Amino acid sequence: MLASLKLREMRSSPDCDDGKSCYRQHSREMLISVALGQVLSLLICGIGLTSKYLSEDFHANTPVFQSFLNYILLFLVYTTTLAVRQGEENLLAILRRRWWKYMILGLIDLEANYLVVKAYQYTTLTSIQLLDCFVIPVVILLSWFFLLIRYKAVHFLGIVVCILGMGCMAGADVLVGRHQGAGENKLVGDLLVLGGATLYGISNVWEEYIIRTLSRVEFLGMIGLFGAFFSGIQLAIMEHKELLKVPWDWQIGLLYVGFSACMFGLYSFMPVVIKKTSATSVNLSLLTADLYSLFCGLFLFHYKFSGLYLLSFFTILIGLVLYSSTSTYIAQDPRVYKQFRNPSGPVVDLPATAQVEPSVTYTSLGQETEEEPHIRVA
């Protein structure tokens, strides 16, 4: 039934001359979207593995310093790119118009990373894996109210299946005794995870808005600028003593380089995937990151294996395919949306006979609307 409805939708598209070819194209786009999300999960796996080696083998507990290295890389690549641009996309022009917005976003992004890493000192790995899923309802609600994204029943079904997969993984952790990290203040750790997940959700939705209405380079350049500034201050206040305790050698240096490369790749590639899919889709894809870390840990750290891990992995993938099987849409015409969100920009006049379309595709699996002229945001 769902397949026949989807085929009729694709046949009704002006760009579809043949139903079978459109169906194959849609299937290919869906698989590409799922695969791109798994690339992000693998990068997070690399981040987790290097962090584990640093903290457990070398006792280098420096989460702020590690974030600082990433922000410095973003600054060197993307902020300097903005600095050499001309006109309205120049760094100084952007700062004059929107500096305080990016300052808030930089703080949110920095503290989201810090809170989740800090939570490992207080609560269990299982609690972190489960409570970190709180980012998904946060992203859905913020996307609904601020990005005007509307979901269909199949999207909610896919989300539920993904979360069931995470629950299966947490259950497997308990069965094999991998719920390490319990401390005396478990409630504090759980609250830190919830706070970090909330900030991640805000950051991801804000990122989606920026890359759709402005540009990926502007987002990364501003994150690099303000992230480096605030993480440098936080590093000087909170972690300068920890840095002095690090037993520096080539192995530790290589781990920091590996961590920074994975983090820089994640930040650089995530806006590309978000623009092609959505913030919600990306966060669902990232649920498999813990499983990739686990599979690597079977060989590197001799973790115990459970068949539930494989069941969890395939359950999450099924949920991703369900979610990606159809496109979300926005509540009104994208030009109306941009005009509403950018009141000081130029007005886009719609034809008098134009009717607001309630089912304009917003995420990427369907055919996107035509490229619009750049709209200046105050």
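A Cβ is built for glycine as well, from the same backbone N, Cα and C atoms used for every other residue.
No curator has checked TrEMBL annotations; they are predicted automatically.
Note that the structure is predicted; figures quoted are calculated from it, not measured.
Record features (TrEMBL):
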- 30-49: transmembrane segment (TRANSMEM)
- 69-87: transmembrane segment (TRANSMEM)
- 99-116: transmembrane segment (TRANSMEM)
- 128-149: transmembrane segment (TRANSMEM)
- 156-175: transmembrane segment (TRANSMEM)
- 187-207: transmembrane segment (TRANSMEM)
- 219-238: transmembrane segment (TRANSMEM)
- 250-270: transmembrane segment (TRANSMEM)
- 282-303: transmembrane segment (TRANSMEM)
- 309-331: transmembrane segment (TRANSMEM)
Beyond the flanks of the transmembrane segment (219-238) by 6 or more, those residues with Cβ under 8 Å of it: 64-65, 67-68, 70-79, 81-82, 91, 94, 98, 102-103, 105-107, 109-110, 114, 207, 210-211, 267-268, 271
For the transmembrane segment (156-175), sequence-distant contacts whose Cβ falls under 8 Å of one of its Cβ atoms, 6 or more beyond its ends: 125-126, 129-130, 133, 136, 140, 280, 284, 287, 290-291, 294, 306, 308-309, 311-316, 318-325
Dominant neighbour of the transmembrane segment (282-303) in 30-49, 69-87, 99-116, 128-149, 309-331, by Cβ pairs under 8 Å: 30-49
Top Cβ-contact partner of the transmembrane segment (69-87) among 99-116, 250-270, 309-331 (pairs under 8 Å): 250-270
Stretch contact, the transmembrane segment (309-331) with the transmembrane segment (99-116), Cβ-Cβ under 8 Å, 3+ pairs: no
Highest-contact recorded stretch vs the transmembrane segment (250-270), from 30-49, 99-116, 128-149, CB pairs under 8 Å: 30-49
For the transmembrane segment (99-116), sequence-distant contacts whose Cβ falls under 8 Å of one of its Cβ atoms, 6 or more beyond its ends: 63-64, 67, 71, 128, 132, 192-193, 195-197, 199-200, 202-203, 206, 222-223, 225-227, 229-231, 234
